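What follows is a set of notes on a single structure, which appears directly below.
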Amino acid sequence: MDASGSQMPQSYLNECFAAINSQIQLQLYATYIYLSMAYFCNQDEVALGFFALFFLRQSQKWMERIEVLFLLLTERRGSLTLGRIADQDRHEWMDGLMAMECAFHLEKTLNQSLLQLYQLASNQGDTHLCNLLKRHFLQQQVEVLKEMGGYLTNLRQMGAPENRLAEYLFDKLTLAESTKEN
C-alpha cells in the first residue's frame, strides 16, 4: 500500500485517522506534563536542575514526534482534530523520585497507545504506518523505558526519597552525565 493510503478501505482510514489524532492528543498531554515536571524540578526549593533538563528534553522529543504524525496525516489527506489538552491531574510531586515515577508511568501509557496503533496498522497490512512507527517511535520507547527504569532502581538503591542527598547526587552525577551524552 502506498504512503497516501489511497488503496486502503475508507473505514480503515477513518479508524486510522482517529487513532493517530488520539495519539497526537496523548503526546501533547505528555509534553504538557513534562514541562510541568521540568518547572517543578527547576524551582529553587527543589534544585534538581538536571532532572528539569531531562524532563524538558522528554517534552521536546514528544513534540518532534508529533510533527511526524502531522506529516503522516497530511500525506494521507487526513484531518487534524485537536481537542483540549486534558487538565493535568493536579500533581503535587514531592521530590524527583516521585516525578520520575510519574514520567515512567506516562511513558508506559504512551508505549501502550503506540502498540495499539501499530496493531491496527498491522491488521490492515499498512506497512507504511508500521515502518514509520518502528522507525520513529517503538525502539525509542524501549530505550526510554529501560533508561527510566534504571534511574528509578538507582534512586531507590541510593535511599530516595528518604535520603534527600541521594536525589541531589543522582541529579549532579547520573543525570548530568546523561545530558552530556545526549
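Positions of Cβ are set from backbone N, Cα and C atoms, glycine also.
Since this is a predicted model, take the numbers as computed values, not measurements.
Here is what TrEMBL records for this protein:
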DOMAIN    10-159  domain 'Ferritin-like diiron'
BINDING   Glu107, Gln141  Fe cation binding site
Local Cβ density at Gln141 (Fe cation binding site) - other Cβ atoms counted within 10 Å: 17
Glu107 (Fe cation binding site), number of other Cβ atoms within 10 Å: 19
